[in-house]
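Copied over from Swiss-Prot, here are the features:
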- 4-95: domain 'Core-binding (CB)' (DOMAIN)
- 116-298: domain 'Tyr recombinase' (DOMAIN)
- 159: active site (ACT_SITE)
- 182: active site (ACT_SITE)
- 250: active site (ACT_SITE)
- 253: active site (ACT_SITE)
- 276: active site (ACT_SITE)
- 285: active site, O-(3'-phospho-DNA)-tyrosine intermediate (ACT_SITE)
C-alpha cells in the first residue's frame with residue numbers, strides 16, 4: 001500500500017515517460033514494477049508506510065541494501081541495473097516537478113551488465129517462419145496480420161513496439177517510414193514493397209475502421225495488438241516446426257542486422273537503420289542519407305524482390 005501523494009506522483013511519472021519521453025508500454029511497466037519493489041523495501045526498512053519525506057531522505061545505506069537484497073533474491077545483473085535506472089529516473093522526475101534537490105542516488109553506479117551477443121536466426125529459419133506464420137490465426141485477417149507484421153519487422157529491423165505503432169499515416173509515403181524510436185530519436189527506414197503490399201492487403205480485409213493516427217495492427221477484439229500476444233503466435237510456430245528456442249519477434253530484428261552484414265552491408269548503415277547510438281559501446285553512429293540507405297537495401301537485402 002502506498003501513500004496517496006506518492007501514488008499520484010507515480011501516475012504522473014508514468015504519463016511523463018509515455019507522453020514526453022516516448023517510452024514503450026513494456027518499459028513503463030518494468031520501471032513501475034522496479035520502483036514499487038524499491039518502495040516496498042523502503043517500507044520494510046523503515047517499518048512504516050513510506051511518505052515523500054522517506055523518499056527524499058533515503059540514504060546510500062538504504063539504496064545499497066535494496067540492491068544487495070535483489071542480488072540475494074537472484075535477480076540478474078541486467079535486472080538489478082534496470083531497477084536502479086528506474087529509481088534514478090523517478091528521482092530525476094521528482095527533481096523536475098518538486099523541491100527535491102540533487103540526491104545521493106545519482107552517485108551510485110549501475111552494476112556492469114554481462115554483454116550477450118544478440119542471437120539471430122538463420123536465413124532458412126526466417127524463410128520457414130515467413131512461409132508458415134499465416135497458419136496461426138484462425139481467420140484470414142489475423143493470418144495476414146501475423147505475416148505482414150513479421151515481414152515488416154524483418155524487412156525494416158523495427159523493434160516490436162515500433163512496428164505495433166505503425167499507423168495509416170506511415171503508409172502515405174511511398175519511399176520510407178519515419179520512425180520515432182527510443183529516447184524520441186527519429187530515423188528513416190526505406191519501405192520494401194513486400195512489406196507494404198502485405199500491409200495493404202491486410203488493411204483491405206481488417207474488420208475494424210481505423211483513423212489515420214491509430215495503430216493498424218489490431219487484436220481479435222479490435223484493440224491495439226500487444227507484443228506478448230504476437231509472441232504467443234510465434235511460440236506456436238516455433239514448437240510445431242522445431243525452430244530455435246530464441247525465436248521471438250525481437251530475434252527477427254537481430255536477424256535483419258546480421259543478414260545485411262553477412263551480405264556486405266556497411267556497419268554504419270545498419271547502425272542507422274536499427275536506430276542505435278552505436279553497434280558497439282564505443283562507436284557513435286553517423287547519419288546516412290535516404291538514398292544511401294536505399295542503396296543498402298538494393299544491393300544487400302535478401303527479400304528485396
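Heads up, the Cβ atoms here are built off N, Cα and C, so glycines get one too.
Features as recorded by Swiss-Prot, highlighted on the structure.
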residue : record      : DSSP class
159     : active site : coil
182     : active site : helix
250     : active site : helix
276     : active site : coil
Residue 253 (active site): nearby active-site residues from 159, 182, 276, Cα cut-off 10 Å: 159
Spatial neighbours of residue 250 (active site) that are distant in sequence (at least 6 apart) but have CB under 8 A: 159, 160
Secondary structure tally of the domain 'Core-binding (CB)' (4-95) (DSSP, helix then strand then coil): 75 helix, 0 strand, 17 coil
Cα separation, residue 276 (active site) to residue 182 (active site) (Å, whole number): 9
Which of 182, 276, all active-site residues, has a Cβ with the fewest other Cβ atoms inside 10 Å: 182
Cβ neighbour count (within 10 Å, all chains shown) around residue 159 (active site): 21
